[in-house]
Amino acid sequence: MNRELEYMFIECARVWIPDAEEVWKSAELSKDYKNGDPSLQLMLEDGTSLEHKLDPKTKNLPYLRNPDILVGENDLTALSYLHEPAVLHNLKVRFVDSKLIYTYCGIVLVAINPYETLPIYGSDIINAYSGQNMGDMDPHIFAVAEEAYKQMARDERNQSIIVSGESGAGKTVSAKYAMRYFATVSGSASEANVEEKVLASNPIMEAIGNAKTTRNDNSSRFGKYIEIGFDTRFRIIGANMRTYLLEKSRVVFQADEERNYHIFYQLCASSHLPEFKTLKLSSANDFLYTRQGRSPVIDGVDDTKELCTTRNAFTLLGINESYQMGLFQVLAAILHLGNVEIKDRDSDSSVIPPNNRHLTAFCDLVGVTYQDMSQWLCHRKLKTATETYIKTIPRLQATNARDALSKHIYAKLFNWIVEHVNKALITNVKQHSFIGVLDIYGFETFEINSFEQFCINYANEKLQQQFNMHVFKLEQEEYMKEQIPWTLIDFYDNQPCINLIEAKMGVLDLLDEECKMPKGSDDSWAQKLYNTHLKTCSLFEKPRMSNRAFIIQHFADKVEYQCDGFLAKNKDTVNEEQINVLKASKFDLLVELFQDEEKATSPTGQVQGTGGRTRLSIKPDKSREKSSKEHKKTVGCQFRNSLQMLMETLNATTPHYVRCIKPNDFKLAFTFDPKRAVQQLRACGVLETIRISAAGFPSRWTYQEFFSRYRVLMKQKDVLPDKKMTCRNVLEKLVQDQDKYQFGKTKIFFRAGQVAYLEKLRADKLRAACIRIQKTIRCWLARKKYLRKRSAAITIQRYTRGYQARCLAKFMRRTQAATIIQKYQRMYVEKKRYRQKQAAALAMQTILRAYMARQKYQALLREHKAVIIQKRVRGWLARCWYKRCLVSIVYLQCCIRRMRARRELKKLKIEARSVEHFKKLNKGMENKIMQLQRRIDEQSKENRTVNERLIGLESSYTAETERMRGDLNRLRGVEEEAKNKTNQVTSLLEELERLRKELSATQQEKKTIEDWAQTYRDEMEKMVSELKDQNGSLKKEKDDLNRLIQEQSQQMTEKMARAIAQETQQLETDLNEERSRYQNLLTEHLRLEEKYDDLKEEMVSSNVSKPGHRRTDSTHSSNESEYTYNSEYAELEEGSRAAEDVTRGIDTSLTLKLQKRLTELEQEKQSLRNELENKEEQFQRARARDDAEFKKARGAGAGVRVPEGKHSKENKRQELESENKKLKHNLAEMRQSLLGDAAAGAGAPGSPAYKVLLEQLNASCEELDVRKEEVLILRSQLVSQKEAMHHKETMTEPSVYAEDVSKLKDADELKQACIGLKDTNRSPRFMRKPLEVSDLLSRLRSAAPDFHKLNEDGELWLVNQGLKETIRLLEHQVQTQRRTYENEVEALRGELQNVKEENNRQQQLLAQNLQLPPEARIEASLQHEITRLTNENLDLMEQLEKQDRTIRKLKKQLKVYSKRIGEMGAGQTEGQTSPGQMVEEPIHPVNIPRREKDFQGMLEYKKEDELKLVKNLILELKPRGVAVNLIPGLPAYILFMCLRHADYVNDDQKVRTLLTSTINSIKKILKKRGDDFETVSFWLANTCRFLHCLKQYSGDEAFMKHNTSRQNEHCLSNFDLAEYRQVISDLAIQIYQQLIKCMENILQPMIVSGMLEHETIQGVSGVKPTGLRKRTSSIADEGTYTLDSILRQLSAFHSTMCQHGTDPELIKQVVKQQFYIIGAVTLNNLLLRKDMCSWSKGMQIRYNVSQLEEWLRDKGLMTCGAKETLEPLIQAAQLLQVKKKTDEDAEAICSMCLALTTAQIVKVLNLYTPVNEFEERVSVAFIRTIQTRLRDRCESPQLLMDTKMIYPVTFPFSPSSLALETIQIPSSLNLAFLTRV
């Protein structure tokens, strides 16, 4: 390193010193360096001291180390010190610590292979990088691809992406991801899915061109350049592939631990498949060409599945099964050819044993003869000038010839596949531009380097030269643009090395010359090299110990090449006779492989070469001779030509470089080997880029960035209004040497190390400021601590003195208390002694007095007891005497009564025997006997049963008799027992005496027991008290248990509530997901519709210029929405296009399904129409037959004349209508005459009267028309209602009315019949002739009308007419019933068909379920059953709702029409005035009062004005004028009022066309102006209002709760528009999604700049040094979006929606979606930008979020859920600011970041970058701790948030309070043709 930075080598400065193990090691100066010191005193990071000797010749100091804040930068050119150790350390820190594999190095993207699958290549990452500037995001292959795509579109220049690196570095994967990015971002220009085909070419090329090596499991063994073509709209239209230097030698030889090409192992692994049986393959270990590497299996790779992928790719590219089997047949033949064993016959000849199995298989597969192939494998043909010889060859040469043939066949096959892949990728669309992706081998150097390494390194020399020139050119352009003096920078030019290889007499030239020599050899060629270049070229050397090798000094390193094999590989010769045998094959594909070169031309017009290990792209040959010459070119010559063409292509494009680095040789994930990395960095040119940048001014700052970063180094007086001048002045003061920097137009350029110097000054200044702040803070803290101690000491003293005073007071209180206690104690002792003496005296007195009282009491007690004993004895004696007397008297009475009873018994027995007594007892039995006899007669048939019952009764009687006898005997026994009892009385008296004795003993015992009971009672009371105590404790325990139960119950309730809440939340989530899926389907449907419309327009535009007749498919139908009907408006508007629309379907499955379904519906419609016609014909025939029979029967039974009965009421109605038309015509003529008279006599005095009369006549005519429409509607409604209400009556009436009228006996009966007819047949037909019935009634009321006279006057005819009308009505009802029956039959048939279909579907599902495993079968069955029940439930609910709506509607209509009938009847009764009288009355037109018309909120328009209505109200309406001047939602109200009138007149066609035209027109205007937010918002508001009107006036009670009575009258009466409500709801969803997309397009450019890059809080975050990839400045310049820009835009959105009358709930959903987009985009960019992950940026984000929340608060939208959508961003900002060191910090982070996924948390921690030196990086151990703690989280592994996600939208019902009749239509809308009704 030069000595310009000696002043930086001071103590504590850090440097890099060389190291044998780590390449470079960090050290720190322990002593300042002084000029002239021979060494540096250093201290290593492990604390070891070291003396570093300086080179005495150069005196170069070691490299300085960059500040820590610059370590880990995205761009290596941002480093202040640009050198090899800085680059190596920066890559290591990013790769190992931050897990970042991509790093910029100027224009180069360095990609390090992580050997691990990373989630950074998904579609979300692609969307995040799409449209971004290359420097605005973290380094990524997608950023390079986006830059190439953007430059192609912007500069109209072709681009190239050059991917290089050694084997295993990840070149193929990087190229694959670049192509995937182009396919995803650009899409395809046709329906052929070209981008899928481009990606499908990868598995094919990997199968035939990739193999496992010791360094890589999927190493590309060829180079390829893929040109991806784009059209003028920059969409992929095709691709073309060129290949270079296929490694053919791998087909016949592989080193240890390596494999042949993948396709061979895929075929061997799939040999068991039936289609591969003919290939006669087996395991890969059975074939020589696949077992040499002894590693036939790759871990984690299934060759069988890989072959399926390869075959699918072949199919996608148009290579059919037969060609695929042919390819596999050739490949199998190569394997069999390798197994052909050649044996020695002698020293000069060889032979193949007869019937060799593998040679036979080879010949069978390729279609050649065994004899020819075996001969030419062991012989060769020699040609001389005169003769041809066939010569035998030894075994070694034969084996080499066999291998050469195998290589040649494989090379041909490879070329054929590449050719057909190119044919599949090419299209007929003209290519406008292309992006080329070059995947080519990097610089290679091995122990033994041969011809392959020589060609590879030659190609890398050419690419490095192009790279150096491009880098140098970009540097020069940058300097020139900034007007900085440019001096030529010395950089390495490898042109001499290239000249050594390709110039005249160069290595390749000498090699070709030696190949032409008859006896040329590798040794002679080596001698020529030595003689030619050894002394003339410094880059060419000869090894000391070898004469068969040479050394070339390449740009990366010296490489020694071994000359052995160079000539053979350059010639690449194959036995011509073997080729002729193959050309004569019967196998067509093999013949095609070996056809002439001009026939094998590739689709791009380029020919693939044949020699060597390369396939070259050469222009088509002009002649066969030239082709033959080209075929003889050497491999080196062909490779040089193809390389030259490649360089010309690259020079014509803008290159982008990707350098792939292999971190280690052991494929360990995220393991960095510095030695291997440095070797590759030197080889790939990254360090050369660094050297070129370091030679000039590598560090570049804009003036604004410099001012913002180094503002701390300026004084206030140095800050000038002109920041450029301020920076110039400050920099001149800070850096004295002006050569260290240059001032450009927009940037300041610094030499290497100057930024580090400025950073040091800035850090010193900040450190000094920190020290001053710390000093002040520490002083303040010390003083505060002192004051706290002083206050604490005073407090302690105060409390101590108080404590001592309290102790003294306590002692005094205790002394006084002791004295008082002693006094009271002595008093108590004396008092107690006195009371004891007093108590003893009283006790003695009490005992004596008690003894004397007891003695006296005992004497009195004895006397009293003696008296009582005497009283008791005397009473007992008296009672004994009384009882004996009583017993004697009773016995005497019994004897006397017994005697009398016996006498009476005898008398009764005598009377019982007498006849009179018997008669008296049986008086009245005769009647009973007669009744019984009658009953017996009536029941004669039941005689047997009765006899049986009698027998049973007799038996029961006998048993009863026996029972009675037994009772009698028992009574007699009782009597005897009574006698015995009498005898026992004496004994009982004795027993009584004994008992008395026992009584006395018992009393004694009782006393004893009472004593015992008293004792027991006491014990029980004690026990009860104990039990009460236990009961109390038990109650307490019970209360505790109850409380515990209540708590548990409350916990269970809360738990259930939480579970219910979680379940509800889950259901809401499922509902939202279902809504989201449905709305996504609507979006996809809309996209397909738009695509279809675009294709239709393109077809129309392409067919406009073609004259002639166009044929239109008869089955074609308009591509309307699946919910809408056919639109007449669409037919009129698309008049010219309708005839041109043909069924040219889009190549999508959806279109095919729709067309199939359309055909089925047309067929079903036709069959239903035919069936309907048949039914109508049958019905007409049946009706005619019934009418004939009825007339016949009526003519035979009726005996009266009907002179005018032939004219029906229908004819009269038609006559009245024709008469009404005539009156209208006359009225119009009168109108014209009146107008003519008024015009002729304008000055006449009567002219105003005529005008008034004319206006009144117009009003009367309008009223007449209205009344007529009402009568028509009333008639139809009443007929249907009457039929439904009086169905049962009318079914019985024909039998009554069919009787002869002559049965009516008098006039009263006739009158009642007529009145009954009038009441029954109150229908519109009879309402038209009220005078006839009234005349009949008047005649009936006359005095005693005679029947015959009545008949003569024709009154009976009127009654007969009424009967005929009744019969017609009954016929109509019968026919209606028949129709109803037929409809029901059809419905039942339809249901039966549906049931059959459902049964078939159930059987299919059952069959499918039976194939599933049991668990899946059960789950599928349950899911299906749940779906079926849900559908049935929904259908039933829908039917129930429809029936309820129909009933309510009919009831409401019945009330309305009944009221109108009453009013009309009253009006007719009051105004029975003849027309003649009205005409004769005098007319005073001027004085006639005009009644104001009562509008009903409807608008009438003519059918032909529908186009004009839609055009003026939708297509040409300007939202801004309507929103500002008129009421919100006016177009919706007008459309609904027009729809109401169509419903009012019962015109279904008008309703259908109006709704369809409205929907299609809204779609059309949104398609035309879908990018205009104001238009989309306006029609979203009006569509929602129209939907709300359809609901509000639908007649459903659920939507009529908030209506007024007048609004309820305006409900739709004839049509149920529920299906159209669904269609309009879907349209509103589509408009909402388009609104969100429009808002997203407007907000997207603002979000990153306003939320992340702009410094809302100035000075908090400093700008770090940036490299060549400049990022967007964080300073607000003109045109830069800020947070205020976002807030203003949000306010504009909100005010526009409010102005348009959007529903508040819908506005909340829109705002929530806006905030989600802001949060998601901000978080995604934060996760992809390392420079944004800092503490200060977290503060900025939190401040910005607070501003957004303030905006929500101001607009009253805090409850809309928008704040919650920002929660991930808020937690990410908090994560940037929290501490990140200890385990407690990790726990806090895990509990805080619940809205972030584990991948997002780890990503933020990995990206966290300190902006200042005072911040610290996050350690790897801490990140691993976080990962361990978050390991159990169940979440999506996706890193980025889905910015395209749209929350499912709902449209809550919002009724309008606006009355429809009050709406006025402004003239500015040009809707004068609408008439208010």
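Just so you know, the numbers here start at 1 and follow the chain as drawn.
Keep in mind that glycine also has a Cβ here, set from the backbone N, Cα and C atoms.
Just so you know, TrEMBL annotations are computer predictions that nobody has curated.
Among the ranges 137-159, 183-205, 643-665, 1724-1746, the one that TrEMBL lists as region 'Actin-binding' is 643-665.
Listed as Cβ neighbours of the region 'Actin-binding' (643-665) (distance under 8 Å, sequence separation of 6 or more from its ends, same chain) are residues 91, 95, 105, 107-115, 141, 144, 147-148, 151, 155, 157-171, 174, 178, 215, 225, 242, 244, 436, 438, 442, 458-459, 462-463, 466-467, 470, 616-618, 671-673, 676-677, 680-681, 684-686.
According to DSSP, the secondary structure content of the region 'Actin-binding' (643-665) in residues is 9 helix, 8 strand, 6 coil. Apart from Gly165, Glu166, Ser167, Gly168, Ala169, Gly170, Lys171, Thr172, the ATP site neighbourhood in this chain, defined by C-beta within 8 angstroms of the site C-beta centre, holds Asn113, Arg215, Asn216, Ser219, Ser220, Gly442, Cys660, Lys662.
DSSP states for the domain 'Myosin N-terminal SH3-like' (10-62), grouped as helix (H, G, I), strand (E, B) and coil, give 0 helix, 24 strand, 29 coil. Just so you know, of the binding-site residues Gly165, Gly170, the Cβ with the fewest other Cβ atoms around it within 10 Å is the one at Gly170. For the domain 'Myosin N-terminal SH3-like' (10-62), the mean pLDDT of the prediction comes to 85. Between the candidate binding-site residues, Ser167, Thr172, the densest Cβ environment within 10 Å is the one around Thr172.
Lys171 (ATP binding site) is surrounded by 27 other CB atoms, counting those within 10 A of its CB over all protein chains shown. Around Glu166 (ATP binding site), taking its Cβ as the centre, 23 other Cβ atoms fall within 10 Å, counting all chains.
For the binding-site residues Gly168, Ala169, the greatest number of Cβ atoms within 10 Å around a candidate Cβ is found at Ala169.
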